[in-house]
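Taken from TrEMBL, the feature domain 'Ammonium transporter AmtB-like' covers 18-415. According to TrEMBL, the feature transmembrane segment maps to 57-74, 101-123, 130-150, 156-186, 198-220, 240-264, 271-293, 299-315, 327-345, 371-392.
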Amino acid sequence: MKNGTKVNYEVTEDDAGWIMSNTFLILTMQTGFGMLEAGSVSHKNVANIMIKNCVDVTLGGFVYWSFGYALSYGEPSTPFFGYGNFFVTADLNEDDAGSIFAHYVFQLSFATAATTIVSGAVAERMRLEAYMLFAVLNTLGYCLPAMWTWHKNGFLYAMGFFDFVGGCVVHGTGGASALVAAYMLGPRYNRFKKGPDGVHYTASSPATALTGLFMLWWAWLGFNCGSTFGISKDRWKISAKVAVTTLNGSIAGGIVGLISSYIVFKGRFSIDYIIVSVLSGLVSITASCAVISPAEALIVGFIGAFLALLALNFLEYMEIDDPVGAIPTHFTSAAWGTIAVGIFGKDDLSLLGGHNGLLHGGNFHLLKVQAIGWLLISLWSGLFTWAVFYAMHKVGILRMSLKDELLGADWVVHGVRSETITTKIEKILEQLNLTEEQFQDILKKIIIELTSNTYYRPPRFPLSAIISDELGDNQLSKEITADGRMRLMSRALSIQVADCWPAFNANIYTSEDIIPKANESVNNSNSRLGTKNISANRTYRGSFLQRRASHIV
């Protein structure tokens with residue numbers, strides 16, 4: 001068995017059951033990716049990122065059934081692509097029908113995972129239509145490295161390149177694409193701008209992101225163990241070993257995340273560091289999990305996580321915006337994991353074709369082949385992504401407009417509107433039994449506060465102070481400012497406002513309009529906000545908030 005997805009044994013009924021059950025487990029990785037990404041982006045793009053994960057399976061799945069599987073495993077074939085078995089089907093009267101269907105659905109789960117990796121790196125600024133087109137094309141782009149590595153006629157297969165599960169073919173491909181995509185797309189608005197105009201982006205739900213991590217973690221066992229493509233003969237032994245090495249790699253990665261974040265953040269444990277480290281340990285071990293020992297798996301996972309954290313900070317330095325850490329997790333760790341085969345690999349059960357890694361008496365042959373394979377696959381994926389993104393940029397469909405980016409894809413693309421900060425403030429004010437004039441004046445001051453503050457450092461939001469100042473020194477003012485609930489609400493709003501976009505006018509396009517100067521007076525606030533009479537009547541207020549603040553989530 002040359003690698004985990006190459007069929008060299010007869011597939012029995014038990015093997016088919018093993019393949020199918022692990023395939024279903026692998027497909028739950030889409031849920032894990034979706035939850036991790038949804039928890040990592042801002043509130044206004046949660047639904048959109050989940051839809052992108054849905055697109056990976058629907059459009060990508062259709063393309064893979066129609067053409068992708070044929071390019072990877074079709075017969076006849078060349079050393080670079082297959083061209084048979086389009087529109088996958090088989091006659092149940094034939095003996096190999098079960099094997100064909102099982103192998104196809106297993107490989108489908110791999111193809112969808114490769115594209116999903118990119119969705120996190122381009123989150124919050126790539127148009128959904130452009131991503132849909134990319135999902136279709138990238139599925140085909142993934143299929144060629146899979147053919148080169150796992151088809152019996154593939155040129156990398158012939159060279160002796162080894163990737164047991166897809167550490168390079170799946171994660172390296174997705175990581176290289178994510179790097180090029182994020183670079184070409186550019187960062188989110190003012191993501192790296194210093195000073196008062198800089199924007200601080202906050203994850204919508206770290207708990208959701210962590211839940212996504214857990215789902216990916218356990219599904220990874222199906223990803224790696226299922227790549228034995230059966231449990232008959234010696235394959236059950238390999239599968240059991242793979243489970244141990246996979247877990248050890250992730251354990252080592254998690255330890256790196258805990259220690260590093262505690263040191264870097266001076267006693268605090270960064271959720272981003274921990275998620276990236278655990279996943280990087282898993283990616284690092286994926287290519288080599290069948291040919292290294294459990295102790296070596298700890299080393300591979302440890303180094304992979306450490307390199308990923310270095311890459312995470314390097315991306316910040318280079319101002320490449322990756323909202324979910326997809327690039328260090330998949331590109332950097334895949335590179336290390338692929339090379340690690342040439343260092344730690346041991347040719348048990350002839351999995352490495354008679355070659356060993358450096359630490360097991362081998363020469364530099366395996367290391368050289370692994371390096372060449374990683375380089376070629378990365379170059380192919382990067383250039384392919386560059387060509388697709390360049391074409392979409394030229395026709396003007398690649399990136400969301402500034403207006404849409406500020407409003408958020410959930411509202412603009414899907415019509416999903418979360419309860420906004422302004423809506424919450426409105427509900428609070430309605431409970432105070434204020435006059436219409438007091439209500440409108442306080443609301444205007446709050447809006448000025450929102451639009452005048454900068455978010456490089458999250459602003460304080462003195463709701464109680466604003467109300468007290470407006471109402472003057474009277475009994476109602478004293479009751480409001482003394483109310484503990486109001487102080488708590490003011491503090492909560494202060495935190496939530498830090499994640500707001502200060503763009504209330506849906507028709508603005510320049511940073512000068514988006515961030516008004518703090519010293520502009522309340523008297524001309526109506527003109528700055530783009531409305532002639534904010535306080536004309538109370539029924540107008542709802543329309544104003546919908547048009548001006550629907551993006552604040």
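Heads up, the Cβ atoms here are built off N, Cα and C, so glycines get one too.
Just so you know, TrEMBL annotations never went through curation; they're auto-generated.
Stretch with the most C-beta contacts under 8 angstroms to the transmembrane segment (130-150), considering only 299-315, 327-345, 371-392: 371-392. When the stretches 101-123, 198-220, 240-264, 327-345 are ranked by Cβ pairs under 8 Å to the transmembrane segment (371-392), first place goes to 327-345.
If you take every residue in the domain 'Ammonium transporter AmtB-like' (18-415) and average the pLDDT, you get 94. The stretch in 57-74, 101-123, 240-264, 271-293, 327-345 that contributes the largest number of Cβ pairs under 8 Å to the transmembrane segment (198-220) is 271-293. Highlighted: of the candidate stretches 57-74, 101-123, 271-293, 327-345, 327-345 has the greatest count of Cβ pairs under 8 Å to the transmembrane segment (156-186).
Beyond its flanks by at least six residues, the transmembrane segment (57-74) meets 27, 30, 81-88, 103-104, 107-108, 111-112, 115, 132, 135-136, 138-140, 142-144, 146-147, 150-151 of its own chain at Cβ-Cβ distances under 8 Å.
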